[in-house]
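As written in TrEMBL, here are the features:
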REGION    233-254  region 'Disordered'
COMPBIAS  235-246  compositional bias 'Low complexity'
TRANSMEM  363-382  transmembrane segment
TRANSMEM  394-412  transmembrane segment
TRANSMEM  424-445  transmembrane segment
TRANSMEM  505-525  transmembrane segment
TRANSMEM  545-567  transmembrane segment
Amino acid sequence: MVFSTRGGGNAVQIVQRHHFVSHLKRMSVVVRVEEQFFAFVKGAPETIQERLVDVPSSYVQIYKKYTRQGSRVLALAFKSLPEMTVSEVRSMDREMVESGLTFAGFAVFNCPIRGDSANVLSELKGSSHDLLMITGDQALTVCHVAGQVHIVSKPALILSPAKNGEGYECVSPDETEIISHSEKDVEALAEAHDLCVGGDCIAMLQQTSAVLKVIPYVKAHAGLALLNAMPPTQSEKASSDSSSKNETSKPAKLKKLKHMKEAGNALDINGEETSKSRALAWSESTRHTASYHHLIAAEMQRKKLRKLTDELNEEGDGRSAPIVKLGDASMASPFTAKHASVAPTIDIIRQGRSTLVTTLQMFKILGLNCLATAYVLSVMHLDGVKLGDVQATISGVFTAAYFLFISHARPLPTLSAERPHPNIFCSYVFFSLLGQFALHLFFLVSSVRESAKYMPDECIEPDSDFHPNLVNTVSYMVNMMIQVATFAVNYMGHPFNQSILENKPFLYALLAVIGFFTVVTSDLFRNLNDWLKMVSLPTALRDKLMLWAFLMFLGCFLWERSLRWVFPGKMPAWKKWQQLAGDNLEKKKHI
C-alpha cells in the first residue's frame, strides 16, 4: 500500500507485479486506486513504442536526443483496466497487461562516468590492448559512453535491422551515415570503424558465416565484473555490535523479568511489601513486559523479511525479482572487483605481466646455470677439476640469494605498449640460451687452458681427493663469474618490472659479489684465500681473466638485447583470431 506523504491523495495498492526481464526490456505493475485498476509499464523506449496505441510524432526524436548524450532513458506508459475482481487481475496474462498503452512520458537519468574510468581505459589502450564493452544499455548511449572512455577511437557504426525490414544495415549514431550490411565487407568496415552489435543482431550473424568475421572484433579474452559493494563503516559496525549484544542479552532480560515476578509474588504472599514498593514493582514489571513484546515483534518482522528475500531469490518466469547476490558476478567473469571501478584491471595486467617475465627469466637462468655446471661436473671432472666444500657452499648461497632478490622485483606502476613473450618454448628463448651458453663455454674453456700453462705437468686422477691448484681456482672463479653474468644479463627489468638499479636487494647482492671477487682475485687477504682453498693467481693470468670476463658479459648483454629487439612480444592479430574461431567451429561441426 502506498500513500501520499503530503496527505489528501488516494491510497495506491499494488495488486500484481511483472518484474523486469532482460529479453523483454520492460516491467509493469497493476495497482488499485479506490475501486479502479490501472496498469503502469516502463521499459526501453523502442520496446514501449511498439505497445502504444498512439505514438507521439516527436517520440523517437526526443529519446534519441537524450541517449546520444549518454543519458539512460525509460519510457513510461499506462492504461486503465475494466472492472474485475482482484483474483481476475492477478490471473491476467502479462501480454494483456502490457499492450494497448497510453504514453505518459520519459524518465531521463544522467549517469556520470566514474572519475578514474577514462584514465584507466586510456592507459589500457596505450598498452596494446583492444577495449571492448558488453552492456545492456541502449546502443546510442553505449556509443556516447564508449567515446568518453576512449573505447571508441574511430567513427562508430551500429549494426541494426534495416528500416525497410529487409536485412541489416550499419548506421552511425547521428544517422548521417548508413551502410548496407554485407558479409564480404565486414573486415574492411571494421578496419575503418568501431562496431556496435546488439544482441538481436548477434543471433542473426550466428545463422551465417559472417559471425566468424564480426565476433573477433567484439570479443574479449578476459572479463572483470564490478560490484557496488562497499566495506562497512564504523557506524555500521557499531550498530551491528550493539544489535548482537542485544540479542545475547535478551535471555538475561527475560530471566531477570521472571525473577522479579517471582519476587513480587512472594512479597505479596507474605504481606511484607508496602503499597509504594508494590507500585514500583508493578511499573518495572510492566516496562520489561512491553520491552519483551517489542523484541518479539522485531524478531517476527525480521523473519518475515528473510522469508520474502528467499522468495525473491528463487528463479521464476518473470514474476519474481532477479536478485544479484554478492559473488554471483564471478559466474560471468574470471575476475571480480569488490568496488565499481575498472582500476583493478590494470593491477591484474601488471601483476600478470610481472609474473610472466619473472617465470621466463627464471627458466633462462636455470637453464644457463645447469649447462655451465654440467660441463664443469662432467667434462672438466675428467681433468681432475673439482670444487672444495667451502667453495660449493658459497656458490650455492649466492645463487639462492640471487633467486630470492629477483623475485622481489615489483611491477612498474604504468603499463607498457610492449608485451612479454607468452611461451617459454619460443625462438627468442632458444637463441638466447644457445648464444649465451656458447660465450660461457668459450670463456670457461679458454680460461682453464690458459691457467694450465702456469701449472707443472702432473697427472691428476679424477677420483682423487681435492687439493687446491691453479686450475681449480680459475675454474671456480670463472664459474662464479658466469653465474653473476647470467643473473645480470637475463634480468628483464623495464618495461615490466623494476630495473636492477631500482631493485635494491638484487643490486646490493651483485655489488657484494663483485667486491668479493675483487678481494679474492687481488689476494688482499691471504687467510681468506687459504680458507677458500684458492691459490694465488699470476698477474698476467689475473689481468686476462678480468678482461675476458668483461668481454663475456658485454657479448652476452648485446646478444640478449639484440634478440629482444628481433623477437618482440607478439601482438594480437585479428586474422589469427578469426582463423581460430573458424577452426573451433569446424571442430564442433565434426563432433
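Each residue, glycine too, has its Cβ placed from N, Cα and C.
Since the structure is predicted, the reported quantities are computational estimates derived from the model, not experimental observations.
If you look at the transmembrane segment (394-412), the same-chain residues 6 or more away from its ends with a CB under 8 A from one of its CBs are 350-351, 353-354, 358, 361-362, 365, 369, 387, 476, 479-480, 483, 487, 491, 493-498, 503, 505-506, 509, 513, 532.
The list of residues near the transmembrane segment (505-525) in space but at least 6 beyond its ends in sequence, with Cβ under 8 angstroms from a Cβ of it, reads 398, 401-402, 404-406, 408-409, 477, 480-481, 484, 487-488, 491, 532, 534, 536-537, 542, 545-546. Sequence-distant contacts of the transmembrane segment (545-567) (same chain, at least 6 residues past either end, Cβ-Cβ under 8 Å): 421, 426-428, 431-432, 435-436, 439-440, 442-443, 446-447, 474, 477-478, 481-482, 485-486, 488-490, 521, 537.
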